[in-house]
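Down below is the structure, laid out as structure tokens.
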Amino acid sequence: MQRSPLEKASVVSKLFFSWTRPILKKGYRQRLELSDIYQIPSADSADNLSEILEREWDRELASKKNPKLINALRRCFFWRFMFYGILLYLGEVTKAVQPLLLGRIIASYDPDNKVERSIAIYLGIGLCLLFILRTLLLHPAIFGLHHIGMQMRIAMFSLIYKKTLKLSSRVLDKISIGQLVSLLSNNLNKFDEGLALAHFVWIAPLQVTLLMGLLWELLQASAFYGLAALIVVALLQAFLGRMMMKYRDQRAGKINERLVITSEIIENIQSVKAYCWEEAMEQMIENLRKTELKLTQKAAYVRYVNSSGFFASGFFVVLFSVLPYLLNEGIILRKIFTTISFCIVLRMAVTRQFPWAVQTWYDSIGAINKIQDFLQKQEFKTLEYNLTTTEVVMENVTAFWDEGFGELFENAKQNSKNRNISNSDNSLFFSNFSLLGTPVLRDINFQIERGQLLAIAGSTGAGKTSLLMMLLGELEPSEGKIKHSGRISFCSQFSWIMPGTIKENIIFGVCYDEYRYRSVIKACQLEEDISKFAEKDNVVLGEGGLTLSGGQRARICLARAVYKDADLYLLDSPFGHLDVLTEKQIFESCVCKLMANKTRILVTSKMEHLKKADKILILHEGSSYFYGTFSELQNLRPDFHSKLMGYDSFDQFSAERRNSILTETLRRFSLEGDAAIPWNETKKQSFKQTGEFGEKRKNSILNPINSAKKFSVVQKTPLQMNGIEEDSEEPSERRLSLVPDSEQGEAILPRSNVINTGPTFQKRRRQSVLNLMTHSSVNQCQIIHQKTAPSTRKMSLAPQGDLAEMDIYSRRLSQGSGLEISEEINEEDLKECFFDDMESIPTVTTWNTYLRYVTAHKSLSFVLIWCLVLFLAEVAAFLVLLWHFKEKPPQDRGNSTGSTNSSNAFIVTNTSHFYLFYIYVGVADSLFALGFIRGLPLVHSLITVSKILHHKMLHSVLHAPMSTLNMLKAGEILNRFSKDTAILDDLLPLTIFDFIQLALIVIGAIAVVSVLQPYIFLATVPVITAFITLRAYFLPTSQQLKQLESEGRSPIFTHLVTSLRGLWTLRAFGRQPYFEALFHKALNLHTANWFLYLSTLRWFQMRIEMIFVIFFIAVTFISILTTGEGEGRVGIILTLAMNIMSTLQWAMNSSIDVDSLMRSVSRVFKFIDMPTEESKSTKLIKPSKDDKLTKVMIIENQHVKKDDLWPLGGQMTIKNLIAKYTDNGNAILENISFSISPGQRVGLLGRTGSGKSTLLSALLRLLNTEGEIQIDGVSWDSVTLQQWRKAFGVIPQKVFIFSGTFRKNLDPYEQWNDEEIWKVADEVGLRSVIEQFPGKLDFVLLDGGFVLSHGHKQLLCLARSVLSKAKILLLDEPSAHLDPITYQIIRRTLKQAFADCTVILSEHRIEAMLECQQFLVIEENKVRQYDSLQKLLSEKILFQQAMSPLDRLKLLPHRNSSRHKSQSKISALKEETEEEVQETRL
């Protein structure tokens, strides 16, 4: 960054913002880079501001029982705030004085008062000086207030972040990431945007008082009629605003539903294409969009009437002010024109400034109170340790995740017994109190000496991670003692990668030791991975390590923990993402050898690990099931294996979570997805499992919880909240374990708003910061907002301060028209936080974009022409009125009822002034009617254009090739459908309307002034030229600075989320100061862009006013010097000239707003222009109902006869297959060749990242591929994509359950009747599951099907494949995270329903390969071997090395006959699973 010219700028340069000229010049000539931005002043640095506020806040905490954050802010910023407030008031006073001088100038032209004619020139000079003074006062004041608001935001940003790093885990469990981001963005933005308006809460009343005093002198009591009219207008606007909000609130549900479906589709676009569901998904979204747009139009119409009413109110305010006076006294032009000027200022004060100021204070005080509450939350306390000890000891330790719940639970339980409270929904708190009061750990005892290895095992939710958290100090024990030596290193089971290089992630601030570093890299099997990067270990890892596989991230996290020299190493399931061979090597070389002399606590369930551990601790439901050695375990606890069954299924998380933050944040927790539910309701729907069901599932691994329970699906829809609130209803749903339910969320336990009441162990997944920390996701930074079930808040898709608002009035109006989309957090802020990226879009919107936008709908061009015609009609009507005022009618002095006093001279007779009054009312009504007719079709047409563009963009995205979509982030795509679509729906139509309205007013006013005084036209031409030139000069720099500011905002929130994800690791390593410094650096970067934008913005505003002042000086002296007799003409000219100033500024602001908003249109067009997948068929052929493809599909294939049915057998031939993710990318698979016989089952083998899943994608033509693939002799390039993909049934690794009914998820095209669907549900064992839900097939699944276990989701995918009648089945690790029972069900279904199908199976589990006849071994992106099981076992390859002797014994029956499964085994399998298939757990 460059040094700021502000440091050496003179006072004059600072006053006129001339020091910004270098950056403006550079931005106009070339694209700005980050290096071009100026450094911030030291007074604005985050370190300085946070230190000042933190000192005052600490002082407040120390001195008072009830500390107030506003007092700390007052001591920091009050005097500067008041100084700029006084400047602002003085600037506003000049606006009230100007009409007085105008009245004196008009009076000097009274033919009966020629004495004052000589002073008109001096009055004109005074009027011009007032404009100059106003400019010099207002702009520094507004800039200073914006600057103070920025400083307040920075200081509180830092304070909140520091507090976040100190919060206890108990508090983090109650706060969602959405609330935190909202606290930082939505609440704190109020200071940036609203502080300049805050002073009007006292300025506006003083202004109104002054103006009413001046109007009283002119009109006497008649002035109050005008004030009453303004108050009525303000109340009417408030009423229309409430009506508009009602429509937007109704629309919020539809928008959320659409965004949920859209986000699910974007995240699972590969599955959508594999299932050929593009058209079904498109139709589903369009149906939601249709209803949404109806409500959008209603809200837009009300908003339009509101805006039109403001523009038209000026006529009627003057009318009500002048009419009573006119009836009594007659028309006096001097008073009329003076009154008009006063009313314009009065209108702004009453209808804009004061209401906005009150709202600003209300919002700001609310935001400060929320931040104040947050800053007083409980903090994390480091566990005390003993440096003299060498052992780790726990004695009688009991712990609750909720502080003080032990005592509270005992008291409540005793009260419950005494009162005999029933277990019903009406007493939900007490019926679930066993859930709340159950300790996460109970009476834990163990002791390990230095250098020993303790293995902790147990089923999901047993308390393994909680035990490690106790050692870290994250969980405080309620009872017992903990002792350790103090130096701890920690490896979380949820891989956390901070932004930086691989080396920085491993060293993590510890002193660099080359030998130790290399040893750790080698022991963690990272040498080969690092060697593949061109930059080796200096390669930069962005956004949570998106470029790494899950296994690579896990190994880097393990290396980080091992590299630190500590006394105690806590390793929480570090091998979850690793293949069998890599896991075996790391355990031996790293855990057993490199760390042999260190004390280690390892969470694991592998039998091999337990055998080598010095001590074993098995936890069950929070209690110690066993503690001792492995030999003691075998002797004393022979049934221990039952406590571990299913552990692998649920404790290891895949790299890509189905329920990623991106999808979870947009969830609506309702049962009815098609209705917008009032926010103050709580909707419940309960259903009870039968006793028979519970008995059958009682001992199932799928359901370790006793199953005879009552479930209550709760839709919480409380009132609006704007921050972090304590939920009074929340105790009914508490989390008891840090361990999430399952990989796909929900394998065992209900989640979110599903309350599971059981006698022994219950919990729910909280969407909290704690949950964020325990959720591993590749897309960890692709967060829009985390939905909070019990709390909701307002959010706007209108960019907050993003529309290049050029003054505080028009800026507030633009925000007032923003889209209120949901009652949660500010979605727009979140989206901009995480998804704004460098765009290949011009700095200024091109004319081609405007042309494409205008021609997108044929009626829009005609509407624009219609607007122009009506404008000409309005100008003509206005000229009629002016003609009557301009020409003085004949006067009958004898019949005149008025006085001939010079100060009250009448221009017309008593008869004619009523005639003029009728003309005035008629013209005003006509202008209002014409304006209404003009604007309404325009707004309607623009919304229709938005509908068309959204449809085209959705179609383009769904049909774009994966090579194109792989280049885009999911958040970037979703931004187009959320932020940009909202701009097209709401802001752009009304901003265009405002701009057209204002531009026409300015043009009309200039035309009228030029008609009245042609000489003024000569001054108008250069002024308009100067305005256009100035705008063209400023706009490129403005847009680029806004883009840089937006990009600078992203690291702030990305760093926040990154810190929260790794908070346990940060604390364990003591890296909080380092991350605070990084956060301040990100804040300073954003501040540099924002401060420069504010400065250039004020430079532009001052130049606009300076140009206008020159224009007004010219108009004033031309009219004074050239106008003869007739005060009417001078009054009209000067009044219109004064009004042109504010209107022209507003019009210029709107023009820049339009250009800024049109960038969203450019982004939408960029997506519309994406290439589409190759397809010879333009018409979608839906799946047929029988066991074949329709004849229409095969006619297009020249290689298939019309009477043939393809595919028949499922024979596949692959020759020289090469696959790439992008057109110009490196080959992911090279020269893959093999063949599969009809009905054969092929297993894909290879270590993590070898290309197994890539091969399955290539077979579906989801990647850029070269080579040849044939199915039954038909080549893949001779059929359409739809034909080809329908030949496959798919069970993807990433399970796709979209928000919709069971029926929609199974049959989105509605091709099958209920009988056929139930038949398939029976085959896969889903009938009993579906029947447990109200509505059965019509039950709406939300949140990725959170009420289903991961196993049931797999069965749902299996049912889709059965319905598709596919001849080839592709399975990508279908057994991952499955319990044994569900896995056996899937195996049975595959054997029965797909007995004659070709199956290609990718698996890590050895036992999952028992049914395969051939195996394809992939190494280094190539085929290593393609052979039968016998040959694979007889040769020394990785497959054999990865197997334990036990695995080999399992495969012995298959060495002699790999084609046929032993009938005895089949019979045993049937007997084992028959009962489980019939009844499966809900």
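Each residue, glycine too, has its Cβ placed from N, Cα and C.
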N-linked glycosylation site according to Swiss-Prot, picked from ASN386, ASN680, ASN901: ASN901
Swiss-Prot: matching membrane side for LEU165 and VAL957: yes
Candidate annotated in Swiss-Prot as N-linked glycosylation site, out of ASN48, ASN432, ASN910, ASN1149: ASN910
SER549 (phosphoserine) versus GLY1251 (ATP 2 binding site) - Cα distance in angstrom: 12
Packing count at TYR1221 (ATP 2 binding site) (other Cβ atoms within 10 Å of its Cβ): 17
Entry from the recorded positions list SER549, SER1253 having the most other CB atoms no farther than 10 A: SER1253
Candidates TYR1221, ARG1247, GLY1249, SER1253 (binding-site residues) - the one closest to SER549 (phosphoserine) by CA: GLY1249
Fewest Cβ neighbours within 10 Å, where candidates are the recorded sites CYS524, CYS1397: CYS1397
Spatial neighbours, same chain, of GLY1249 (ATP 2 binding site) - Cβ under 8 Å, 6+ residues apart: SER549, GLY551, GLN552
ARG1247 (ATP 2 binding site) versus CYS524 (S-palmitoyl cysteine) - Cα distance in angstrom: 15
CYS1397 (S-palmitoyl cysteine) versus binding-site residues TYR1221, ARG1247, SER1253 - nearest by Cα: SER1253
Neighbour tally for ARG1247 (ATP 2 binding site), based on other Cβ positions within 10 Å of its Cβ: 19
